[in-house]
Each structure stands twice: as structure tokens, then as C-alpha cells.
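For reference, TrEMBL has these:
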type    : residues                                       : note
BINDING : R101, H128, P129, C130, Q131, C264, L265, R292 : carbamoyl phosphate binding site
BINDING : N160, D224, S228, M229                         : L-ornithine binding site
DOMAIN  : 3-141                                          : domain 'Aspartate/ornithine carbamoyltransferase carbamoyl-P binding'
DOMAIN  : 148-302                                        : domain 'Aspartate/ornithine carbamoyltransferase Asp/Orn-binding'
Amino acid sequence: MIRHLLADDDLTPAEQSAVLDLAARMKADRFGFTPLAGPRSVAVLFDKQSLRTRISFDAGIAELGGHPLVVDTQVTHFGRGETLADAGRVLSRYVAAIVLRTHGDDRIAEVASHAGVPVINALTDGYHPCQLLADLLTVREHCGGTAGRTLAYVGDAANNLSHSYLLAGATAGMHVRVAGPAGFQPDPGVLDRAGKIAAGTGGSVRALVDPVEAVRDADVVATDTWTSMGQEDDGLDRITPFLPYQVNAALLGHAGPDVKVLHCLPAHRDEEITSEVLDGPHSVVFDQAENRLHAQKALLTFLLEASSS
Ligand code: CP
Ligand code: NVA
């Protein structure tokens, strides 16, 4: 059976843990794993902008001995002159895996349902599971583990990062609190899925409005842009309702004394997070960014292996 990662809960707790273990080994022995030697190619397709995802997949596939094919879909027929189903079928004849950043989750589901190789979500409107593997690796490194730790995500609780924190955090046995203004709360279906996962891992999930309640005594505080890609012209006020959710020294004062701060980047400095916090002693954002590389190498290796057995 071909294994995909379309949303965070496509990995069981044991599988997520195995991917993170492998990522740590790959980080410690950066050029010691070459499962794509041949080289086998991987298509990395972008319907939206990217810096980290694009470069970390490109470098990571090369480090695994493979050949990255990084493509902006605007210069192709992908999903426009050609159906996503046909594109998925064709690409599967060329490459070992497909990595896709796109808009609606229906688009990546359509590609995956017609692909004969693993499909990896490199960010959709609904989820950002590659980011979460990097974040969890970072939490492991800085907090000594994930199970039982409290992670607070504050800001746009309706966005892809919020959903991924709920699902992947619950899978890792964390206590996840997401807080956002009314109208920017998580999808109830995602919250329900995350709650069911948490019941089996010893974690918990809560959706809150009060940012102070969310970050109180937290081990990890995370945030993200208030305006995700594709939302620039949605007509909503994406500044005023979010001002109380800015990650600044005052809000961080309610968290645990050794709190770690995450931001997936790119950061809008002095909007969702102050430069003082981003560049301050609690911030681990550049370790987090580096860990995209290691986590994605491990994920690719895991999915290829799992799909061939
Ligand atoms: N965090 C993240 O996905 O960054 P990019 O949009 O630059 O890939
Ligand atoms: N929520 C953001 C994440 C960017 C990495 C977006 O979708 O634009």
C-alpha cells in the first residue's frame, strides 16, 4: 500500500516517533543515509511561495542521494490545462515521491488518490505536517521529550498551523492549547480528531479565546502569521482582533520560566511576534527551521520504506 502524508494524523503515534528518531539519527550523521541513491528523483511542486520548504526539500533529497525536481507549477500544466488526476498518474511514472504545496486539501487528495508513489503535503490551506515534524524534533531537543509537555499556539487558530499543532501535538502526547479570536477558531472536525488521538496518547487538546489562559505555565509557545498565503484579499480584519495574541515579553511572562518559543517563519516582526522575543533567549526558531531538513529526510525515507513493504 502506498503511504502518503496529507495530514498530521496519517502517522500513528508509533510511526511519528519512529520518524523523529530517524530524523535525530540523520541530523547526527548528516550525509550517512542515501536511500535515494541511484539517483531516484523526487518532484517538489509549488502552487504557493516558499523559502524553507523549497530549499530544505531540495537540499535534503540531494543529501539522500536523490535528484530533486523543484518546480513552480505556474510554468506547467499542473491542475490547469491538465487535471490533477492525470498529473498525479504521469508524475508517478517518473519519480519516487511527490511533494506538493497547494491551496485546498481537495487538490492534494486528488493527486494522492491517483498517484502510485507517496505524496507529501508541503503545506495546504488545512495543514502543514512537515513543519510539525520539525517542531516536534525541536521540542524533543529543547524540552527533553514531547509527552506531557504543554504547547500553546496563539494567533489564527483557524489556520493550517493551528490544525497541525492540534493533530501532531496530540499524536506526540502533548497538551495542546490553541487560542484565537472569535471567528478564528479551529475546524471542529479537526479538534474532534485531535481529541480522539489525545485520548489514546495521554495528551489533551483545548481551543480557547484567552491568550493568557493558553500560555499559562506552557513549556512551548508557538505562533504564525495572521494572514496566511491566499488570505491577503479575504476582506477580514487580520490585525485588530489579533493584537492581544502577539507573542511579546508580557504574554510570555505567563508561560513557564524556561519556555521555548516557536515560529515556523517567515515572521512578520512586531506583528504576531516581537523582534525582542524572536531574537531573545527563549526563541528556538532557527533550530526549528534547520530541523525541517532533517525531519523531511526522515519522512521521505520512512514513506518510501513503508510503501515498498
Ligand atoms: N515555514 C515554512 O513553511 O516556510 P516557507 O513558506 O518559506 O516554506
Ligand atoms: N500559515 C502560513 C504558514 C506559512 C509557512 C501560511 O499558510 O501562509
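Along the chain as shown, the residues are counted starting at 1.
Cβ coordinates are placed from backbone N, Cα and C, and glycine is handled just like the others.
In the three-state DSSP scheme, R101 (carbamoyl phosphate binding site) falls into the strand class. Around C130 (carbamoyl phosphate binding site), taking its Cβ as the centre, 27 other Cβ atoms fall within 10 Å, counting all chains. Long-range Cβ neighbours of L265 (carbamoyl phosphate binding site) (same chain, at least 6 residues apart, Cβ-Cβ under 8 Å): R52, V285, Q288, A289.
Among the binding-site residues listed (R101, P129, C130, L265, R292), none has a CB atom closer than 6 Å to any atom of ligand 2. With a cut-off of 8 Å between CB atoms and residues at least 6 apart in sequence, the same chain places Y153, G155, D156, N159, L161, S162, H263, C264, E272 near D224 (L-ornithine binding site), listed in sequence order. Checking each of the binding-site residues (R101, H128, P129, C130) against N160 (L-ornithine binding site), the C-alpha distance stays within 10 Å for H128, P129. Most buried of the binding-site residues N160, S228, judged by other Cβ atoms within 10 Å, is N160. Among the binding-site residues P129, D224, S228, C264, L265, the residues whose Cβ sits under 6 Å from any atom of ligand 1 are C264, L265. Residues listed for carbamoyl phosphate, R101, H128, P129, C130, Q131, C264, L265, R292, cover a largest CA to CA span of 16 Å. The C-beta environment of Q131 (carbamoyl phosphate binding site), restricted to residues of the same chain at least 6 apart in sequence and closer than 8 Å, consists of L123, L161, S164, C264, R292.
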